[in-house]
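What TrEMBL says about this protein:
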- 20-126: domain 'tRNAHis guanylyltransferase catalytic' (DOMAIN)
- Gly21, Asp67: Mg(2+) 1 binding site (BINDING)
- Ser66, Asp67: GTP binding site (BINDING)
- Asp67: Mg(2+) 2 binding site (BINDING)
- 130-235: domain 'Thg1 C-terminal' (DOMAIN)
Amino acid sequence: MMKSLTAERLSWCWLWQNRNGRSFHKFSERHQFEKPNDRRALDLMNKCAETVMSEIHDIILAYGQSDEFSFVLKKECDLYCRREAKILSTIVSLFTSNYVFLWKTYFTDKELQYPPSFDGRVVQYPSDNNLRDYLSWRQADCHINNLYNTCFWALVHSGETETEAENTLRGTLSSDKNELLHSSFNINYNNIPEIYRKGSVLIKQEIDFKTFNLKGIEVVRKKKVVTILHVDIIQNKFWKEHPELNLINFDNNLYHYILGATGVLFLSDLRL
C-alpha cells in the first residue's frame, strides 16, 4: 500500500492531472444551474483553474469543459519529486477550496447548499502525439456534448418532456442536430459562444508591466500571467502560435482520428 501512495511518475513524460466534479449532475440540479450552459458555473471553474495554474508553476496548460478540468505539467517538472499522490492531492484540494471560496463571487444570489467535491487522477504520456490526442479528444467531446445538450434543452424548453426529447434525438447525426436547431428554433450553432462549443484553454503568457527599481526609476519588466482562451486546439494553428508549449509537431492528417462520444471522429470533419 505504501508503495502505491508514494509512486513516482516516469521522468520526461508529460503529466496531466484530470479532475472531475463528483455527482455534479445532482449538484447542478440542487443549485439550479441554467441549461444547457450556465456561464457563471463555467467562469467559476475557469477562475479556480487559473488559481491552480498561478500557484503551481509547473503547469503549462489547462483545458476545461462542463465539470472537468485537465492540467498539463511540463515534461521536465520535478514537482514533489513527481510523486503521484502529492501532485493529485494538491491540485484537487486547491481547486475544490477555491470553488467554495469563490462561489459567492459568481453566484451572488445563491447560497451554497452543500460542499462540492471533485475526484482526480494523474496520467503520464510519453509522446507529444499522445498528449495532443488526449486534448483533442476532450475538445471533441465538448463539441459533441454541447451540440446534443443545446438541442435537448431547446426541445424541453419548447414543451417536450425529457423522455420525448431523448427519443427525438436518438440516432441523429451532427448534421441532423444542426438542421433541427436552425429549422425549429432559428439557432445557428456556429453563433453560440465559443466557451460552450470549444471549452476553455488556459496558458501562461508573458506580458510587459511597469514598475520602479531601487533607484526610483520606472522600468519595464516581464511577467507571466494566466490567459483564458476559447479556441480550436485540435488543429495545428493554436500550437504554432504558442511554440513555448513545445507541442507543435503533430501528425494531423485525414487519417488521424480521435475517439469521441459517438465513435470515431475524423479531425478533418470536425468543425468547432
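The backbone N, Cα and C atoms fix where each Cβ goes, glycine too.
For Ser66 (GTP binding site), the same-chain residues lying six or more positions away in sequence with a CB closer than 8 A to its CB are Phe24, Cys142, Asn145.
Gly21 (Mg(2+) 1 binding site) carries a strand DSSP state (E or B).
Cβ-based neighbour count (10 Å, all protein chains) for Asp67 (Mg(2+) 1 binding site) stands at 20. Counting only same-chain residues at least 6 apart in sequence, those with a Cβ under 8 Å from the Cβ of Gly21 (Mg(2+) 1 binding site) are Phe27, Asp67, Glu68, Pro116, Ser117, Phe118.
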